[in-house]
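Q: The structure follows.
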Amino acid sequence: MVSRVIPVDSFDLVIFGGTGDLARRKILPGLFRRFCAGQMPPEAQIVGAARTEMDDAGFRDMVRAAIDEFGGGAEDPGQLDSFLERVGYVAVDAKGDGGWKALKDRLRDDCVRAFYFSVGPALFGDLAERLRAFGLATETSRIVVEKPFGHDLESARALNRELAQYFDETQIYRIDHYLGKETVQNLMAVRFGNVLFEPLWNAQFVDHIQITVAETVGVGGRGGYYDDSGAMRDMVQNHLMQLLCLIAMEPPAQFEPDSVRDEKLKVIRALDPVEPHHIVRGQYGADEKQPGYRAHVENERSRTESFVALKAHVSNWRWAGTPFYLRTGKMLRARTSEIAVVFKDAPHSIFGAEAGRHNNVLAIRLQPNEGMTLDVTIKEPGPGGMRLVDVPLDMTFADALGPDGANVPDAYERLVMDVIRGNQTLFMRGDEVEAAWAWTDPMIDGWEARGDVPKPYDPGSSGPEDALMLLHRDGRRWRDIKA
Ligand code: NAD
């Protein structure tokens, strides 16, 4: 199956923080892959903008090195040279006046204009203000804002208010790169493009839902930032929340930005407050290879969680009584992200007790090997009577779609192209972000007020024992964390 590439309109894209880690690892290599795929018009222009003094040639060398390291390189070396001709650089100070006039002079009037804020959140307001003050922002310009979007409800509201002084909501693209993943969009296609699932997608037929985002790495070089936020702020408030919304939302009337985002918002607003005994926080300890979390963040008294598991309820007609179990953590057994919809047992087994209990599970894998499996109960082959086994119907995209499907675009590639197209469906709206904070803030305030200390867990494990108990108490078990 060959995927169709529809070229976007001509654009000027300015990447503030163009010399930073995110730009080098994701944004620039992603743009290069879109260029190779023929999606970028030849006259499109990418301008790196950051504090470092550098000329176009210096930036192009940096971009070439980034693409070699993170972009898989070019099949045809000429392609990289042609791409680099589209790339330039202007030194700009987000907090000062330097460079803004030169940047303005670089931009064209007759094309889409987008500004990617790939800088720390403290600079978002400064950039927005200066884009207006120096006349770079036009009525159709877009800004792309990276995470974290606020630290709590109050700071997110303040940031929304600040950006709203300079840009209309239709011009603001708040990135959650989970929404750019192929499988996440496929989740909507599976739900709303087939008649098979939607009739069963409710409390009557679904026993519970599990959402797991597990990492094998620790906090790495982000210790200071991470210790200030923790797993709830860094992962649950945004990524896991977005996945929960797409699983739980009602069918939107159209696949259009506000239709989809209205439905997601309703889910967040229908979430019950989470009881403290339905939350488990963990912090990884040391092993023979490396020190533990507290040493990584250089804070021997840290009470920040590197793992969190919780049981949530969406109180609406569709989901009343169906638990949503969420967990995410660092230094776990395997790197995997998965949503599992666990259906109820058949109401009556005609095969007798020895056939065992069986239920269908639809597992949606975000990584590794993006794809889906549906566990179906069949007869165990052979002459041994009617014994039942669960067998996965496997739809790994790389297998199902052939060599082209294996080349699934990275989330950032797709999202940047959506910005140019002016499609906000896969971006978070301001009220959505605020509603998500309004749900997570009381949990965080609660454990801070109680002085809760996260439970220790071993690196390479599935998290603290208490997280296993969270499901065990309900007569359920987590799916294995495996690659
Ligand atoms: P970084 O520290 O590597 O880069 C920051 C960039 O901002 C640099 O290019 C620097 O020159 C520029 N900058 C700093 N101060 C400036 C100023 N006053 N004026 C102009 N430019 C200035 O950071 P990063 O890891 O690339 O992250 C950028 C943003 O993306 C952050 O908001 C981060 O939270 C978010 N993010 C990063 C990742 C990642 O994988 N790195 C993932 C998700 C979100």
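Glycine is treated like the rest: Cβ placed from N, Cα and C.
No curator has checked TrEMBL annotations; they are predicted automatically.
The domain 'Glucose-6-phosphate dehydrogenase NAD-binding' feature in TrEMBL is assigned to 14-186. Annotation comment: TrEMBL describes Gly17, Gly18, Thr19, Gly20, Asp21, Leu22, Ala23, Arg24, Arg51, Lys147 as NADP(+) binding site. Residues or ranges marked as substrate binding site in TrEMBL: His177, Lys181, Glu215, Asp234, Lys330. For 188-479, the entry in TrEMBL reads domain 'Glucose-6-phosphate dehydrogenase C-terminal'. The active site, proton acceptor annotation in TrEMBL covers His239.
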Q: From His177, Lys181, Glu215, Asp234, His239, Lys330, which recorded positions have a C-beta atom under 6 Å away from some atom of ligand 1?
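A: So the answer is none.
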Q: Would you count the other C-beta atoms found within 10 angstroms of the C-beta of Arg51 (NADP(+) binding site) for me?
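A: The Cβ of Arg51 (NADP(+) binding site) has 17 Cβ neighbours within 10 Å.
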Q: Between C-alpha atoms, which of these recorded positions comes nearest to Lys181 (substrate binding site): Gly17, Thr19, Arg51, His239?
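A: Nearest in space to Lys181 (substrate binding site), counting only the recorded positions, is His239.
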Q: Between Ala23 (NADP(+) binding site) and His177 (substrate binding site), how far is it from one CA atom to the other, in Å?
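A: Given the Cα positions, Ala23 (NADP(+) binding site) is 14 Å from His177 (substrate binding site).
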Q: May I ask which of the recorded positions Gly17, Thr19, Asp21, Arg51, His239 is closest to Glu215 (substrate binding site) if we compare their C-alpha atoms?
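A: Going through Gly17, Thr19, Asp21, Arg51, His239 one by one, the Cα closest to that of Glu215 (substrate binding site) is His239.
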Q: According to DSSP, does Glu215 (substrate binding site) sit in a helix, a strand, or coil?
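A: Its secondary structure by DSSP: coil.
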Q: Validating a neighbour-count step here. Other CB atoms within 10 A of the CB of Ala23 (NADP(+) binding site): how many?
A: 24
Q: Looking at the recorded positions listed here (His177, Asp234, His239, Lys330), whose Cα lies nearest to that of Thr19 (NADP(+) binding site)?
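A: Checking each of His177, Asp234, His239, Lys330 against Thr19 (NADP(+) binding site), the shortest Cα distance is to His177.
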Q: Reduced to three states, what secondary structure does DSSP give Thr19 (NADP(+) binding site)?
A: coil
Q: How many whole Å apart are the CA atoms of Arg51 (NADP(+) binding site) and Asp234 (substrate binding site)?
A: 26
Q: Near His239 (active site, proton acceptor), which residues of its own chain have a C-beta under 8 A away, given they sit six or more steps off in sequence?
A: Asp176, Tyr178, Val213, Thr328
